[in-house]
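Here's the structure we're looking at; comments come further down.
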Amino acid sequence: MCRGVFRGAVARTPRHGPVRPDPGRPRPRGHPEFAVAAEVPVSALTVVLALLAALSNASASVLQRRAATDESGGGSGARQALRWLARVLRRPHWLAGAGLLGLSTGLQAAALAVGSLSLVQPLMASELLFTLAVGSVVFHSRPDRRTWLAFAALAFGLALFLGAAAPSAGNETATPGLWLPVGGTLAGVVVVVVIVARTARGAPRAALLGLASAVSFAATAALMKEVMGRLGQGLGAVATQWPLYVTLAVGVVSFLLLQSAFRAGSLTASQPALTLGDAVTSVVLGWVLFQEEIGLGVRVLPEVLGVALIGAGSIGLASAPTVSGAWDTAPDERDGPGPDEREPAPQRP
């Protein structure tokens, strides 16, 4: 596939019979086994799908958090916690959030199928922006000036980094033989970071666990791209190959590490490591595994500036009172008792 154009995957049958793809060979975009069915600007399609995935993910997080705040705590014991969880899982907000999580996964997979890993994953950082917007509606809270400044920094940083880097489309599947050493390296990094995190407390521990989660989420996205790249072999073939099941396993590990990061410390500590770690690791994996490229040379300066703005915006959004304070409570709890619940005014004798 030439850069900037998505060519539909409609197989053609040559005179010598149908072409059967080699599972062990990376398939570059625009491979001759495919004929052109349609031409859509791939960068625009990828951006739209990735942003929709980020919006769905943010909406799911806000709705499920709303379900948790709507349900009063059930005590500190394991049995009470399970009962509380069972009640939360029946809440309409939680069920809607679960559906949006599934939609987000599908949209992200579609974005990775037509675009580069180094474009999709940095765009997923816009989830913070959508979390603010959706949360402000759900929790009836207006963002303050500090929050808007952080919002602008993150949005401008993303645009600056992606505009300067201009990630190019690489192969649909990874170069043969690279998954084992790359996967082993990623696993080693995660294990070392988690071990170091166990010796820390508070914000440093949350930041380290956020970094471990970021590396795991980037690996999950790379594996998801590998699965999508193999769909041309047929669903039956994909179901018998390892990437699908490793993707599911690494995804579960990523989720558990993220929950550990949230429990270890504040969102201010974990979110910057999570946001930047995922984006940077994904760019590296796209270059190593899928032969994707980003602009270097004189473009490095605006790229670094964009990354710095993304980090500053992430810290600002995570620590802003609108997000970390009353924003994260149900409207009834934040606004206090209603008119019927207040004590009546004393009557004059």
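Note: Cβ is positioned from N, Cα and C throughout, glycine not excepted.
According to TrEMBL, the protein has these features:
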| type | residues | note |
| --- | --- | --- |
| COMPBIAS | 331-349 | compositional bias 'Basic and acidic residues' |
| REGION | 11-31 | region 'Disordered' |
| REGION | 323-349 | region 'Disordered' |
| TRANSMEM | 34-55 | transmembrane segment |
| TRANSMEM | 94-117 | transmembrane segment |
| TRANSMEM | 123-141 | transmembrane segment |
| TRANSMEM | 148-166 | transmembrane segment |
| TRANSMEM | 178-197 | transmembrane segment |
| TRANSMEM | 206-224 | transmembrane segment |
| TRANSMEM | 244-262 | transmembrane segment |
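Listed as Cβ neighbours of the transmembrane segment (94-117) (distance under 8 Å, sequence separation of 6 or more from its ends, same chain) are residues 6, 42-43, 45-47, 49-50, 52-54, 56-57, 59-64, 67-68, 88, 123-124, 167-170, 221-222, 224-225, 227-229, 231, 282-283, 285-286, 289-290, 292.
Among the listed stretches 148-166, 178-197, 244-262, the one sharing the most Cβ pairs under 8 Å with the transmembrane segment (123-141) is 148-166.
Only residues 6 or more beyond the boundaries of the transmembrane segment (148-166), in the same chain, are considered here, and those with a CB under 8 A from a CB of the stretch are 118-119, 122-123, 125-126, 128-129, 132, 279, 283, 294-295, 299, 302-303, 305-317, 320.
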